[in-house]
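Per Swiss-Prot, the features are as follows:
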type	residues	note
ACT_SITE	Asp124	active site, proton acceptor
BINDING	Val10, Gly11, Glu12, Gly13, Ala14, Phe15, Gly16, Gln17, Val18, Lys33	ATP binding site
DOMAIN	4-288	domain 'Protein kinase'
Amino acid sequence: MEKYENIKQVGEGAFGQVYKSRRTSDGAVFAIKKMPVDRETGFPFTAIREIKLCKSVINKHIIGLDEIVFEEGFIFVVLEYMPYDLTGLLASGAKLSTDQIRSITSQLIEAVSSMHGMGLVHRDIKPSNILLDCHGMLKLTDFGLTREISGMMTNRVCTLWYRAPELLLGETSYSLKVDAWSVGCIMLEMRLGRPPYRGSDEVSQIKLIFEELGIPQDKYKWSDLLDVDIYSKSRSTEEIIAERYGHLFDEEELKVLSGFLCLTSRKRLSVANSRYFTVISSHKNTYIPLSFEEAHELYTKERKETKKP
């Protein structure tokens, strides 16, 4: 990778590291994802999925792939560089305006809809995978868990705080609507300034959701293990959300939010259909500049570590 020089590390995960890097020939800046190639298993399957998705989905809100380089036991995936991810932005204390939040929501819905239109489910939509540039343009990234919808799939997907109830309850035959739940959680997080449901494991996560919203109308694989009936509510999800969050959203936004956070997956609002709400469609091509310092999840974590006594 002699033609690039690393500026700083901006991300890390089970896959490897992400660096902000400069191409020496022209000074262009990229994000380079560095992943080890296992001698026995070979090319990482998550990398195959990500590369395939970036090449197949042509949408301005999907991160762009520039090139792929193999070198010294590693694969380097060269992507567009974005100065913000939503986790870092929110954790940095940046105050997003109502219009900025609506713009981000609308763009995220467009990105996810483009995937769903091809029968692809992301399965790991979370703030750190939502990237933004200084103009307010959003790009969705990290497609290592993305796949085509089929009959039986693993339920061990999606970061815990953004995982749909049916996945937490053991469902293996699920739909694109698992992504809709994640989008709803992010809508709420941008207004609250924190993730709405922060469990420490699958059981505590589903209990937090049930305690606030009630229970699904359908039974899933593990429903009986949790005695879910004790969490039954007399009011609908729409009524509960309107009462709890009516001060944060207007009436139409509340309909979208309660649609995404519907516990019964077959009745949940699809991401594609949410585009027909005026509050979403009216912000479709609206980009509001961000004037904050660069902020990524890794930088935010490091700052928290340095503040510890």
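Cβ coordinates are placed from backbone N, Cα and C, and glycine is handled just like the others.
Distribution of Swiss-Prot features across the structure.
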residue	record	Cβ neighbours (10 Å)
Val10	ATP binding site	24
Glu12	ATP binding site	14
Gly16	ATP binding site	19
Val18	ATP binding site	24
Asp124	active site, proton acceptor	20
Asp124 (active site, proton acceptor) - helix vs strand vs coil (DSSP)
coil
Asp124 (active site, proton acceptor) sits from Glu12 (ATP binding site) (Cα to Cα, rounded, in Å) at a distance of 15
Give me the CA-CA distance between Val10 (ATP binding site) and Asp124 (active site, proton acceptor), in Å, as a whole number.
19
Compute the C-alpha separation of the residue listed as 'active site, proton acceptor' from Gly16 (ATP binding site), stating it in Å without decimals.
17
What mean pLDDT score does the domain 'Protein kinase' (4-288) have in the model?
93
